[in-house]
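Asker: One structure is given below, represented as structure tokens, and several questions about it will come after.
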Amino acid sequence: MDPTVVLITGCSSGIGMHLAVRLASDRSQSFKVYATLRDLKAQGPLLEAARTQGCPPGSLEILELDVRDSKSVAAAQACVTEGRVDVLVCNAGRGLFGPLEAHELNAVGAVLDVNVLGTIRMLQAFLPDMKRRHSGRVLVTASVGGLMGLPFHEVYCASKFALEGLCESLAILLPLFGVHVSLIECGAVHTAFYEKLVGGPGGALERADAQTRHLFAHYLRGYEQALSEAQDPEEVTELFLTAMRAPQPALRYFSTNRFLPLARMRTEDPSGSSYVAAMHQEAFSNLQTQENAKAGAQVPGVSDTASSALICLPECAIPRVASELGWSASDKPGQDNSCYQQKI
């Protein structure tokens, strides 16, 4: 039986590297993996991981592929000796983090070029053959940042929102050609991704006003805490295998349930008010409480202990969602049933 030919982008580290080695070392020996990197000088960790995991000879080949360059994509495609790719994994990605006005436009363009146009270049190269053969799987490394807006991730979220629309649109069409598209929705993962943020965290911060810089510094402390609780890449790679092996793969697979209540809020209140208020609460309520305490002020409608903050949800927001977020209906005088408390 012919092996399943898998081509993966962005394999110098993180999810791409772990997935390539996981498939190439699989005991079934049913995968032939083409692990691609933008620069072959960065292949050292991948080679070491393959050696450590005992990848059999011929199970893993490393190719140079820069998703920003159509000629590079075509050259890598020509190196696939089987003449086909059964599973295409679009994993290469780039991040940008900090106040929007602090970013250089070339850094913004680089993120969009890799995350959006890079994925499109790969699809344009490999989809035609999959459609001709009436067989193929496309897996795209996505992010909760493509399902909900996150402060100080505006450009990154824009790129990931674009991937959601791209893949969802293709998922409607491609089953007619025997091809399936799946998004692997990741939260924070322990990879080098966060060390490679374009321009570093915040970029040229002096371009932002003092209040925005203050808010960013506060947000960054919570962000660092979130990264300390990130998943290991090995956990996430198993989701890719699930999507590969499913007879009828889903459009989305989630590596964590942590953000699902917030994501559901966006669909259950199409106005967006519930989600915006909830994320504001999540990101900045501690700061507001601290500043109120420093000023000797009391948050209106909240007890002197200031141990909880109030957020008002529109009537269309389902109470179950609030409950999943750890909120309870407020019984305080003057508050209606659309108000909930969350301990902070």
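Heads up, the Cβ atoms here are built off N, Cα and C, so glycines get one too.
Sequence annotations record features per position, and here Swiss-Prot assigns NAD(+) binding site to 3-32 based on similarity to another entry. Taken from Swiss-Prot, the feature NADP(+) binding site applies to 10-38, Asp66, Lys160, supported by similarity to another entry. Annotation comment: Swiss-Prot describes Ser135 as phosphoserine, evidence class similarity to another entry. Positions annotated as substrate binding site by Swiss-Prot: Ser143. Summarising the annotation, Swiss-Prot assigns active site, proton acceptor to Tyr156.
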Asker: What is the separation, in Å, between the Cα atoms of the residue listed as 'phosphoserine' and the residue listed as 'substrate binding site'?
Answerer: 26
Asker: Can you tell me the CA-to-CA distance separating Leu23 (NAD(+) binding site) and Arg38 (NADP(+) binding site), as a whole number of Å?
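Answerer: So the alpha carbons of Leu23 (NAD(+) binding site) and Arg38 (NADP(+) binding site) sit roughly 20 Å from each other.
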Asker: So among Leu19, Arg22, Arg38, all listed as binding-site residues, which is physically nearest to Ser143 (substrate binding site)? Use the C-alpha atoms.
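Answerer: Nearest listed residue in space: Leu19.
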Asker: I need the most crowded of these binding-site residues: His18, Arg22, Arg27, Arg38. Count other C-beta atoms within 10 angstroms of each C-beta and give me the top one.
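Answerer: Of the binding-site residues His18, Arg22, Arg27, Arg38, the highest Cβ count within 10 Å belongs to His18.
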Asker: For His18 (NADP(+) binding site), find which of the recorded positions Pro3, Leu7, Arg27, Phe31, Tyr156 come within 10 Å, Cα to Cα.
Answerer: none
Asker: What is the nearest of the recorded positions Gly10, Gly14, Tyr156 to Arg27 (NAD(+) binding site), using the Cα of each?
Answerer: Gly14
Asker: Whole-number Å distance between the CA of Asp26 (NADP(+) binding site) and the CA of Leu7 (NAD(+) binding site)?
Answerer: 16
Asker: I'd like the Cβ neighbour count for Gly14 (NADP(+) binding site), meaning other Cβ atoms within 10 Å of its Cβ, all protein chains included.
Answerer: 22
Asker: Quick one: pull the CA-CA distance for Gly10 (NADP(+) binding site) versus Leu19 (NAD(+) binding site), whole Å only.
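Answerer: The separation of the Cα atoms works out to 10 Å.
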